[in-house]
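Trainee: The following feature annotations were taken from TrEMBL:
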- 1-18: signal peptide (SIGNAL)
- 275-366: domain 'Transglutaminase-like' (DOMAIN)
- Cys283: active site (ACT_SITE)
- His340: active site (ACT_SITE)
- Asp363: active site (ACT_SITE)
- Asn403, Asp405, Glu451, Glu456: Ca(2+) binding site (BINDING)
Amino acid sequence: TLLWLFKFLCVCFVIFSALDIDRWNLECEFNNRDHRTDLNGVDRLIVRRGQPFTVSLYLRSGLYQPGVNALDCIAETGPQPSEQYGTRASFGLSANIDTSRWSAAVTSPPGNMVALSICSAPDAPIGRYTLTLGQSARIEFILLFNPWCPGDAVYMDNEQSLAEYVLSQDGIIFRGSYKYPIPTPWNFGQFENGILDICLRILDMNPKCLKNPGKDCSGRRNPIYVSRVLSAMVNCNDDKGVLLGRWTDDYDGGVSPMFWRGSVEILRNWETQACQPVRYGQCWVFAAVACSVSRALGIPCRVVTNYLSAHDTNSNLTIERYIDENGDLIKSREMIWNYHCWVESWMTRPDLKPDFNGWQASDPTPQEKSEGVYCCGPIPLRAIKEGELIFKYDAPFVFAEVNADIITFMKKKDGSTSTVTNNTIVGQKISTKSVGSDAREDITHLYKFPEGSDEEREAFKRANHQNKLLKQQQNQGLHLTIKVTADMRKGCDFDVFAVVTNNTQSEKKCRLVFGSCALSYNGFMGANCGFKDLLNVELQPGGERRVPLRLNYSKYGDNLTEDNLIRLAALLLDYSTGEATLAVRNIVLENPEIKIRILGEPKENRKLAAELTLKNPLPEPLENCCFSIEGANLTGGHVISESVLMSDSVLGPGEDAKVKVYFTPTHSGLRKLVVDFDSTKLCHVKGYRNVIIGK
């Protein structure tokens, strides 16, 4: 009897283990479309965690019998798979799929074809996987974060937001100034050919992976860890990161950051150059590339712009600036950037107190080190708003970027100093692209309470920082502002005005120094663009004086940086009291409009033509004129360049540059055509047009 029972158990074991798989079909077209990864292509399996996918198994012999046959499944990722690290999972067949863990279930009736439904755990590490089925089947796939899955840490319960922050391949980045935000088009291109592989290679090249690949791959289950790695790897300061930053006019060995129209070319250059850094980037480029990689991996992400952004080097939440007696800034490491861009990623924060889930700020631009590495974040926006600076990661630095006080001192020739101004202009019009449109959404309220409110005061107390309201100076009786005209176009001459008002009951005699200089967006000042020094400005009680300063193109034209920024500064010295008042304003000169006309009806996989036109706004000729265009699923991830053929190769003042370009859309839907114009005197003029591609 015992011998017979032993033989019966052996037969059962053979039956359970004898599912003889001949071949399989990964059903990539169906699965990728179901998992919203089909824009990556359907030639391989790319799925999102916590969501079932189907594999068709064809048996060499025998039939699958429910409750009789068994199938051992092993999912592995990384070079050193380990159940301890969560990079290896073993599981068998169950009656139904369990979306809370790795599981598998047969969904087809008995037969020689088995429809196998497989689901990964919603907290499984992302990356490349090998799935072993039984003794003979070994399949490969890529697993991504799943913001559509309630069990995933990046879950976002809004279809419109998901379409914008995960699936949209183009967008708008705001530059310019807080008085004049300029929308700049950008091609994120996260689904273009080869980009996902490059994003996974970025993770593999990070120092933590090179040092301990098993532990690093395990960390990829956590979007907090992944976003921090990306913050470090998008810049190359400590590693084989993607971009090298440069904030001077010398771009030898590379190209100006203004050259880039999208992330695709940058990421491909990094990959083809054996992971050598691409030259060069500045904040909006770093942020845009980080956004592309985050969306490619499945993390909802957006680029934000903070106008008048503080760079606090000594962590005292105050920016100390010094000027000389002419109102010129004395160089300092602490700067006020005209604008600064970073990214926000959507995720839960189980490592912090409750209610700090949602948007988290990360900054891939290398400014200050965090835990010994040039990275920043992620830190919850709510922590910044409420002054909770003890939370991970880098809360004091981000808090200062949007909230720091500015104290300006005047350093006199005798070495003494005096306070000139104390203001709270930092953190203006924090902006991002609106969901579903190109309009600007102001999200300042997510970072800070209204200036002067009780909540703001409490936030500063919580931040262990003296209340800025107590530092505000009382009106000294003299008021100084800078006014500008509406029409400030590059190539034109125009006036700006210093307006002085005497609010006292006595006559005032003052000195007014009114100057201008070229400015880079990060606060570095260039050459003089116009200057005026009036030694005897007389003001009657209650009187006002409007002092013009003429800015001539012949003076400022050769001094402008690619940012088209000019800093205006007026310094008023009251002879009777010796007190000084400073007013500063940055202006952006408007570039000409690129007119884009689509010729014909846009259809998928059919050649399309666009006519591009730009008028030379400068009082001098342009040479070497060239249009460049790019667009996700429009130009195949490549840049189309078209030189402008002109008589004598010169485009005279007021003349039109015009070209016709051809491209073939590969997918239907709303697409953004990004256009760039370059010439010897007018560089990196950007424009865009939304194009609806039909099937």
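Cβ atoms are placed via backbone N, Cα and C, with glycine included.
Describe the structural surroundings of these features, if you would.
Mentor: For the domain 'Transglutaminase-like' (275-366), the DSSP counts in helix, strand and coil order read 15 helix, 41 strand, 36 coil.
Taking a C-beta cut-off of under 8 Å and a sequence gap of six or more, Cys283 (active site) has these contacts in its own chain: Trp337, Tyr339, His340, Cys341, Trp342, Thr365, Tyr521, Asn522.
All protein chains considered, the CB of Asp363 (active site) has 31 other CB atoms within 10 Å.
When Cβ atoms from all protein chains are considered, those within 10 Å of Asp405 (Ca(2+) binding site) total 23, not counting its own.
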Trainee: Summarise the model confidence on the domain 'Transglutaminase-like' (275-366) as a single mean pLDDT, whole number.
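Mentor: For the domain 'Transglutaminase-like' (275-366), the model's average pLDDT rounds to 90.
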Trainee: Could you measure between Asp363 (active site) and Asp405 (Ca(2+) binding site) for me? Cα positions, answer in whole angstrom.
Mentor: 21
Trainee: Cβ-Cβ under 8 Å from Glu456 (Ca(2+) binding site), same chain, 6 or more residues apart: which ones?
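Mentor: Once residues fewer than 6 apart are set aside, Glu456 (Ca(2+) binding site) is near Lys448, Phe449, Pro450.
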Trainee: How many neighbouring Cβ atoms, not counting its own, are there within 10 Å of the Cβ of His340 (active site)?
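Mentor: So the number of other Cβ atoms within 10 Å of His340 (active site) is 27.
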